[in-house]
Ligand SMILES: Nc1ncnc2c1ncn2[C@@H]1O[C@H](COP(=O)(O)OP(=O)(O)OP(=O)(O)O)[C@@H](O)[C@H]1O
């Protein structure tokens, strides 16, 4: 068959599909974003009200800041530092009281609005994120098995958590901040231009520089943050893989190797941290450099204007400048520019959320190719169990070039017991996957009682099939509930009866909690044989029309194997089931009504044990003669590496009742000295960073003193030497500016 035609493909990794394992940075580069309206798809009416209230209060909070600067200008005029004792006491008291009352009212307003905006947006976001997370997880679980072949399952959990967190962040508090800061910037500019457009225009020239430095800092930080998220997801995948296979890790003494692998993955997070620290340091330093330069220029130009206008403080009403007015214009512009910069992270968070949401929504909307949740499809009332594979061709989605079924047919009449044999990897278990409709054939059809499986309801179909596989998968719950997975809602009596038929009743009752015993993570607190018998009980309670035993005893030691085999024999003997057996044990195969031999993607021999042995140079004959099958005597010897592995796992895992974690164990405090001991290699960075932080911390008090020095000349009549004083203090601003820039960089780079 033509390979291109054969791979048509059920592969979910097509252009229209979502690869949730692709990195977010890749998504940012290549994936489009969802619209803002779509981002809030999961908002109900309560969320909408919360967001509306949050928006209004965020705007009020934003406006309150520039208004506060007007009050600040008024209070400076009221204090007028140059009039000393000459000021009229009543007038002074009146002006101060007025501004104080205004400040108190504004403070109360900001307190209420500031709290409400964050509370409303955060609550609305967490409510929506909960629904989104649920829909996202449900969408992942709904996908067909083939989808998981091409999407790293180990990283999915971390991805769901990280992606939805990014979305939650971008649809919650950050939106409130964005509205708040944008309103603040806009109203600040309006006030500045209204109070003194010339000074505002001069200062405004610096705005692009302030905003640009803020923007580049944010961009660098967010790309470093993305990098960190990716690296942590990778490290999380390594940890999850090691911990979920902890016994195998111990068995191969691979603890150190796994720890190394985890360390290597963490190294990338360290790099991302360093990058982020540098971005914060350089960005903060750069931004403050521009801000302080603005101060210097603004203060000087303000001084020039005050000198020129020569108006007593507080008496300027139209187009003129006094000390308070200069302060108002000056701080309104600076605050607005900084607000623009501060709005950057919010905008970035919203963009990240919209980008991340694109992949999530695509997956939520993705129609599973085999949707086990769908109610559609036939649900015949009776099942005979006639199975037919007609001209089947198949390749796995993750390996489309390897043809596992090359177009063969196989009929299995109702009630027949058929054994599938062939060398390892010849495609025996693949038939089971096709029957369970984990995958659809790429060509041909699989039918049950003449119905194409694609026409049947998937839940109904799977209800008709009892599968006991190689590695019984139990869920972390009680034994009774694990058995009930075969028949949800089954009574305790039915559970007991199934356990008895599976030879599991006695050992279960031997546990202190009987059927209420928790089996641990994937049944880790039970032996392989015990797990397998519970899996058989789970299949028995289903009373399936089709029974599939896929190497059901291959992972067991001899003793367990005999007990489990007895349970299986009992199950096969009861009811008129179509039974498909995949086994290595010759006696099991020989007793089958019929044996189909698979090779190179085809059924090459088909008949009874005797008839197949009679074929000269037959494949079955050669398999039997080459000891490829276990004889009953051989079964006392472990055959495969897998057996050995499992037996050792059992030995490791089981003491009959299972190991228990001591819940009462109290976590001990770790001495601080130990923490410091671990950090010793970073001591130089700590010292440098600490010193820089201390020096950086003095910048703002010095700035305060300079500001006071600057304000005093505003209230004096400016002439000749006073202009020089303004220039002198402007120079001082630039000096502390350079110092501040340097130490801001140093402290951020060293203290991550
Ligand atoms: N999910 C998968 N993705 C890609 N290839 C797969 C997948 N599962 C199985 N295969 C490949 O398909 C082929 C058939 O596998 P299958 O499990 O059906 O073999 P098998 O005959 O049951 O082997 P064994 O006796 O060792 O269990 C093998 O080459 C295997 O590597």
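Keep in mind that glycine also has a Cβ here, set from the backbone N, Cα and C atoms.
Bear in mind that the values here come from a model prediction, so they are computed numbers and not experimental data.
Straight from TrEMBL, the features:
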- 637-648: compositional bias 'Polar residues' (COMPBIAS)
- 52-352: domain 'ABC transmembrane type-1' (DOMAIN)
- 387-625: domain 'ABC transporter' (DOMAIN)
- 627-648: region 'Disordered' (REGION)
- 99-124: transmembrane segment (TRANSMEM)
- 278-303: transmembrane segment (TRANSMEM)
- 323-341: transmembrane segment (TRANSMEM)
- 683-706: transmembrane segment (TRANSMEM)
Seg_contact(the transmembrane segment (278-303), the transmembrane segment (323-341)) with at least 3 CB pairs under 8 angstroms, min sep 6: yes
Beyond the flanks of the transmembrane segment (99-124) by 6 or more, those residues with Cβ under 8 Å of it: 43, 46-47, 50-51, 53-55, 57-58, 60-61, 64, 67-68, 71, 74-75, 78, 171-173, 175-176, 179-180
Taken over the domain 'ABC transporter' (387-625), the model's mean pLDDT: 85
